[in-house]
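**Student:** Handing you a structure now.
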Amino acid sequence: MARRGDFSSLLSGLLVLLFLISVSAVTHDHQDKQVYIVYMGSLPSRPDYTPMSHHMSILQEVARESSIEGRLVRSYKRSFNGFAARLTESERQRLADMEGVVSVFPNKKLKLQTTASWDFMGLKEGKGTKRNPSVESDTIIGVFDGGIWPESESFSDKGFGPPPKKWKGICAGGKNFTCNNKLIGARHYSPGDARDSSGHGTHTASIAAGNAVVNTSFFGLGNGTVRGAVPASRIAAYRVCNGECRDDAILSAFDDAIADGVDIITISIGDISVYPFEKDPIAIGAFHAMSKGILTVNAAGNTGPDTASITSLAPWMLTVAASTANREFVSKVVLGDGKTLVGKSVNGFDLKGKKFPLVYGKSAASSPSQAKCAEDCTPDCLDASLVKGKILVCNRFLPYVAYKKGAVAAIFEDDLDWAQIDGLPVSGLQENEFESFLSYIKSAKSPEAAVLKSVAIFYKTAPKVLSFSSRGPNIIVADILKPDVTAPGLEILAANSPKASPFYDTTYVKYSVESGTSMSCPHVAGIAAYIKTFHPKWSPSMIKSAIMTTAWSMNASQSDYASTEFAYGAGHVDPIAATNPGLVYDLTKGDYIAFLCGMNYNKTTLKLISGEAVTCTEKISPRNLNYPSMSAKLSGSNISFTVTFNRTVTNVGTPNSTYKSKVVLNHGSKLNVKVSPSVLSMNSMNEKQSFTVTVSGSELHSELPSSANLIWSDGTHNVRSPIVVYTGDFSPPSSS
């Protein structure tokens with residue numbers, strides 16, 4: 001997913017950065033006016049142009065007042081064009097629609113900051129977040145991916161001491177590959193070396209544990225400080241993918257990483273098909289890691305929004321979905337008649353607002369018989385001579401075709417909730433906007449448009465699970481809810497490999513923007529490592545429980561399975577709250593073996609997973625595994641039912657505490673939920689107490705699960721577990 005072109009946009013990116021710095025001190029006005037930044041791009045070259053007069057004229061026009069005294073806060077007139085002014089919401093809207101205005105930003109959002117996601121979750125930079133530096137420096141994150149770029153500033157060892165004494169790994173990255181006191185180990189499992197050629201491994205590693213690197217951006221987009229959750233921690237890179245990710249390489253990496261002494265494993269890898277645990281290398285490797293006290297964090301996958309599309313299903317792994325944060329990138333399209341449309345794009349190209357002729361794919365067909373396929377911009381259906389030098393308009397996302405046919409930009413219909421990087425200026429319009437756009441093309445005598453460079457917009461709406469994020473329910477173990485949690489996975493700026501061009505040429509960048517559960521997964525791995533710095537002796541299941549039970553509660557965005565707990569699990573991660581959960585649901589290796597026995601696994605199958613001969617002396621039904629969430633699949637919808645869940649919590653809060661239970665119903669469900677006992681009185685740390693949750697009801701909805709939240713509260717801690725009861729026949733989506 002890429003973009004290429006004229007990179008005079010680098011200069012524009014620098015100007016935007018200077019612009020952001022210069023306005024960072026501007027504050028809100030009183031009453032209903034707020035300070036906004038009006039960015040107008042490059043300065044006109046006309047010798048008679050006077051920016052200050054122009055800005056005052058614009059402001060007077062939108063304010064519709066004779067006096068605008070005190071409204072203009074600042075005028076930008078040396079390196080770029082724009083101004084800061086006190087505006088009402090209606091004035092802001094009028095300004096945003098004016099020709100020549102690139103974007104209008106609320107001033108409070110325009111300041112140099114971390115690249116959005118960590119600040120969004122409350123894990124602030126520097127002294128804004130409590131840390132345990134000495135333990136963080138002894139924490140090692142194993143990254144299973146496509147390698148790493150060791151020279152990236154995100155992995156510099158400036159200020160680092162020697163590796164932790166527990167580290168038993170090696171630096172076997174290959175020829176000319178050097179580790180350091182930050183990147184303390186590297187291995188590869190195919191010919192070549194541990195260097196990252198795709199950018200994927202470098203990106204994920206820097207999200208989890210990269211250094212804080214200031215003044216980073218993608219051609220001016222996302223200006224700020226890139227960092228991981230635990231910048232003082234160490235990284236060990238295991239290249240298990242080299243064009244393909246083979247099972248043997250993944251298992252070899254688990255084998256090495258466990259012996260090397262890593263604390264957390266992050267693996268943004270998965271399959272599109274569901275395999276039994278005994279045939280799933282990640283599930284097998286993660287079981288061995290769990291038995292040695294290592295938590296494995298795995299991406300849920302990018303095959304959503306189909307139900308039952310999730311393939312990371314083992315309960316001893318932490319499975320992560322992907323959701324929005326509070327920032328996204330958009331690219332405006334300014335039509336020849338002055339109307340402005342807003343589309344999605346991570347577009348670093350700056351065409352200086354210049355308008356180009358528009359050509360609809362249908363009008364550029366190679367022959368009349370190919371007009372239909374030309375609407376979709378199918379390569380063989382387009383005449384390059386009719387496309388060259390114009391903005392190609394397509395019914396679907398095919399920017400590479402536009403690039404190959406010589407178009408200067410592309411505009412297409414795009415109903416996705418995420419943007420991509422492409423090899424030329426593009427903008428993806430939602431269906432309504434695209435229809436309006438086509439109407440303009442048909443009615444205008446000489447249709448033309450300008451595709452503007454992307455800008456970041458910030459918002460305060462609750463996070464939503466992204467459409468591509470794989471959904472539950474769990475096909476292998478219906479009574480284990482998956483995914484476990486969700487985390488930011490939309491347009492994340494992080495380190496990149498110089499071998500990986502985001503475009504269609506050889507242009508390379510040190511930091512790039514990517515979306516996917518591959519990005520949300522290392523966020524949670526970093527959070528797990530952050531928790532471990534405060535609780536080094538916690539088991540993997542305790543860390544997992546802390547993350548799940550302190551997650552932000554989320555609500556179904558639509559009335560179907562794909563937008564409920566099967567999309568987000570326990571909710572959106574909260575790294576600060578997870579360090580102090582109050583109570584945790586602990587599990588041991590023996591518990592997981594009893595769980596597998598409860599699934600009627602035989603000795604042979606159990607040995608394939610655990611690696612040792614096992615005799616089933618105890619059986620635990622999946623429903624009664626001491627999991628932080630509770631889920632039950634029933635055989636039919638038109639039945640009365642009663643379901644029980646047995647759970648045990650461990651006190652990790654305060655020695656003398658009393659927890660009272662509270663049940664909150666979700667999605668309009670009519671469940672009856674009883675908790676016994678309803679009060680838990682803890683007298684000491686690490687004390688364990690058990691309880692039973694009984695859920696009853698009738699006539700389940702066939703297209704929506706019935707759910708509730710159980711919350712244990714002592715007045716300080718709120719320990720929340722989702723309860724999900726559902727019915728229906730689910731099968732994984734076809735992989736064809």
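Backbone N, Cα and C atoms are what each Cβ position is placed from, and that goes for glycine too.
Just so you know, TrEMBL annotations are computer predictions that nobody has curated.
Sequence annotations record features per position, and here TrEMBL assigns active site, charge relay system to ASP145, HIS200, SER518. Look at TrEMBL and you will find 35-113 tagged as domain 'Inhibitor I9'. Under the heading domain 'Peptidase S8/S53', TrEMBL lists 137-571. According to TrEMBL, the domain 'Subtilisin-like protease fibronectin type-III' annotation covers 624-725. If you look up TrEMBL, you'll see 1-25 marked as signal peptide.
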**Student:** Determine, to the nearest whole angstrom, how far the Cα atom of SER518 (active site, charge relay system) is from the Cα atom of ASP145 (active site, charge relay system).
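**Tutor:** SER518 (active site, charge relay system) and ASP145 (active site, charge relay system) have their Cα atoms 10 Å apart.
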**Student:** With a 10 Å radius around each C-beta, find which of these active-site residues (ASP145, HIS200, SER518) has the fewest other C-beta atoms nearby.
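**Tutor:** Least crowded of the active-site residues ASP145, HIS200, SER518, by Cβ count within 10 Å, is HIS200.
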**Student:** Write down the Cα-Cα distance for HIS200 (active site, charge relay system) and ASP145 (active site, charge relay system), rounded and given in Å.
**Tutor:** 7
**Student:** Counting each residue once, how many in the domain 'Subtilisin-like protease fibronectin type-III' (624-725) are helix, strand and coil under DSSP?
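**Tutor:** The domain 'Subtilisin-like protease fibronectin type-III' (624-725) comes out at 1 helix, 62 strand, 39 coil.
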**Student:** Tell me, what is the mean pLDDT of the domain 'Inhibitor I9' (35-113)?
**Tutor:** 72
